[in-house]
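> My structure is below; once you've seen it, I'll send some questions.
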Amino acid sequence: MYEKNWRHLFKLDPAKPLTDEALEKIAESGTDAIVVGGTDGITLENVLDLLARIRRFSVPVILEVSTIESVSLGFDFYFIPTVLNSTNVKWMNGLHHEALKEYGHLMNWDEVLTEGYCIMNLDCKAAKQAEVLKQPTEDDVIAYAQMAEHLFGLPVFYLEYSGTYGEPEIVKEAAYQLQKTRLFYGGGIDTVERAKEMAQYADTIIVGNVVYTDLKEALRTVNAVKETAKIV
Ligand code: 1GP
């Protein structure tokens, strides 16, 4: 089950190789859950393979759905992105509609959580795929956060800087807008200092790429986040 107080999540990419030893360290790091998700090369086969490998440990496992074909049963939870700053409705509600027409009757709604994404790094793969064409300003982010909280009542607003480290001031401003909606921050968390800085503003910190480049530092982000109090 998704817990509202989750502070730290690792995001693992099914298309990237990871040794059993590394996976064990990640699963037993004290992180609140592992998200399986990525943009390129996601197949049902590599998703199921990673799920089976993580299942040897007790950590909860979430699938962040990126393609309809790679959805499978067996995860504890499903995160469904909707890209608020996409210019193509496919990524806002198009794929969602297509998926529900086919599988809506099978859904267990208690296992599903919608993430209102605001993609901040225009060079990342997700930005290109979702056709995000304009760099959001601080005012844009504030408006998207208000949209998530007040217009759409989304449970999560995800500031996605994937591959780059974000601007703490913008994350702080987004945090000010949100009471019921939780703020997820992801992007460029590759040191303890960065983890602590963003954990002051975001409810949940998502750590991705550093797992593959500096596992030791990645593992240190768990306590760094958990020891940091949120101040907004
Ligand atoms: C990606 O937000 C996550 O979806 C994490 O980003 O890979 O830059 O840590 P990084």
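Cβ from N, Cα, C; glycine included.
All TrEMBL annotations are machine predictions without curation.
When I checked TrEMBL for this same protein, it listed these features:
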BINDING   LYS11, TYR158, LEU159, GLU160, TYR161, SER162, GLY163, GLY188, GLY208, ASN209  sn-glycerol 1-phosphate binding site
BINDING   ASP13, THR39  Mg(2+) binding site
> Please report the distance from the Cα of GLY163 (sn-glycerol 1-phosphate binding site) to the Cα of THR39 (Mg(2+) binding site), rounded to the nearest angstrom.
13
> Check the binding-site residues GLY163, GLY208 for other C-beta atoms within 10 angstroms of each C-beta and report the one with the most.
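Output for this query is GLY208.
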> Express the distance between the Cα positions of LEU159 (sn-glycerol 1-phosphate binding site) and ASP13 (Mg(2+) binding site) as a whole number of Å.
19
> Where the criterion is a Cβ under 6 Å from an atom of ligand 1, which of the binding-site residues LYS11, ASP13, THR39, GLY163 meet it?
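What lies within reach of ligand 1, judged by Cβ under 6 Å, is LYS11, GLY163.
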> Near THR39 (Mg(2+) binding site), which residues of its chain come within a Cβ-Cβ distance under 8 Å, counting only those 6 or more away in sequence?
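Listed in sequence order, they are SER66, CYS124, LYS125, ALA126, GLN129.
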> Within its own chain, what residues at least 6 apart in sequence put their Cβ under 8 Å from the Cβ of LYS11 (sn-glycerol 1-phosphate binding site), listed in sequence order?
ILE34, VAL35, VAL36, GLY37, GLU64, GLY186, ILE206, VAL207, GLY208
> Per DSSP, to which secondary structure element type does LYS11 (sn-glycerol 1-phosphate binding site) belong, with helix, strand and coil as the options?
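For LYS11 (sn-glycerol 1-phosphate binding site) - judged by DSSP and reduced to three states - the answer is strand.
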> DSSP secondary structure for LEU159 (sn-glycerol 1-phosphate binding site), reduced to helix/strand/coil, please.
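Reduced to three states, the DSSP call for LEU159 (sn-glycerol 1-phosphate binding site) is strand.
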> Sn-glycerol 1-phosphate site residues LYS11, TYR158, LEU159, GLU160, TYR161, SER162, GLY163, GLY188, GLY208, ASN209: biggest Cα-Cα distance, Å?
17
> List the Cα distance (Å, whole number) between ASP13 (Mg(2+) binding site) and TYR161 (sn-glycerol 1-phosphate binding site).
16
